[in-house]
Amino acid sequence: MTIVEVIDAHDGFEVITSLIRTTSQVVLIWLIGFVTFFLSATLDNLTTTIVMISLIQKLIARRDDRLLFASLIVIAANAGGAWTVIGDVTTTMLWIGGQISPLKIMSAVFLPSLLNLLVPLAFISFSLKGKTIAPPSKDTGLLAVDRFERNLMFYLGLGTLIAVPVFKAVTHLAPFMGILFGLGVLWLVGEIVHRHKDEHVRQPLTLVHALGRIDMTSIVFFVGILLAVACLDHAGLLSMLAKWLDATLGRQDVIVVVLGLLSAIIDNVPLVAATMGMYDLAHYPPDSFIWEFIAYCAGTGGSILIIGSAAGVAAMGLERIEFLWYARRIAGPALAGYLAGAVVYIAQHAALH
């Protein structure tokens, strides 16, 4: 969030918004959907959601319109993160645990994830038919940033986010170490670039000022959800649930679909962790049906409710999306996309094996 705020302070998103010429909301939402889908596969769904919502805030003035775009961004980010090992926490967990491999998961889950996006995207774009974009009024005030500084901070900030998975792969350190290192580089470059400016001009452009603009309430809310779920996990209730499902339902495909639906309410990380503990690699080898299907269902099932994923919680904080509004307007199309993708994966696996 801090890196995005620094980019925003330098009006960095103008690099992208200046390239978007369309006035149709339908065209824009398809463009935003696909950019989010592929960007999430490269970054991660949480970071991508923050970046893309910051972008649409520069493009669309009406909040009611932005809510639909933000909701679609959540779905696209979760769908995009499910088909790479670095796009979502759960796929990263499965990769580190040896359950999936990078190339296999991409080939197996890409098509279901794409369909998971296309179904709700078609629903939402139909509701936007005929609507035009009302851009926000541009602040032509005293922004003391030239073209070079704007482009430098935009590409450096975006490059920092993209480089985090590479940092993790090279150093084997936790991803937050890479983000903090990149934040330090961004801070240093900002201080050097603005060193000759007056204090009242330089101060709004600094990283310290960006830290003060962070919405701490959404972070605290996110931490609260994780703590509540961690309590359930620590008490052993999630493991008991997984074993009960295994004894009651029996069929692996049904169990995994149900776990994906549960991830709309319960955080998908402990659910996947419980599943990893329940099924061992001796009986279920790497890249087998259950692991790939879990990667899809756990990654995309959280889109059904706004609180079901980190991306959703971030969007909830950034755009003040109400839980009931999302459940009423978006849950249906998101569920349809989730089930359509699940059917495609099962059919695809049956055809290839």
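Every residue, even glycine, has its Cβ placed from backbone N, Cα and C.
As given in TrEMBL:
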type     : residues : note
DOMAIN   : 1-278    : domain 'Citrate transporter-like'
TRANSMEM : 27-55    : transmembrane segment
TRANSMEM : 67-86    : transmembrane segment
TRANSMEM : 106-128  : transmembrane segment
TRANSMEM : 152-170  : transmembrane segment
TRANSMEM : 219-242  : transmembrane segment
TRANSMEM : 254-281  : transmembrane segment
TRANSMEM : 293-318  : transmembrane segment
TRANSMEM : 330-347  : transmembrane segment
Go through the chain and flag residues at least 6 beyond the ends of the transmembrane segment (330-347) whose CB is under 8 A from any CB in it; none is fine as an answer. 71, 75, 79, 108-109, 111-113, 115-120, 123-124, 253, 257, 260-261, 292-293, 296-297, 300-301, 303-306
Within the same chain, where does the transmembrane segment (293-318) have neighbours whose Cβ lies under 8 angstroms from its own Cβ atoms, ignoring anything closer than 6 residues to its ends? I mean 6 or more beyond. 45-46, 48-50, 53-54, 70-71, 73-75, 77-79, 81-83, 87-91, 94, 100, 105, 109, 112-113, 116, 120, 215, 217-219, 221-222, 225, 252-253, 256-257, 259-265, 268, 271-272, 275, 326-327, 330-331, 334-335, 337-338, 341-342, 345-346, 349
Across the domain 'Citrate transporter-like' (1-278) the predicted model averages a pLDDT of 82
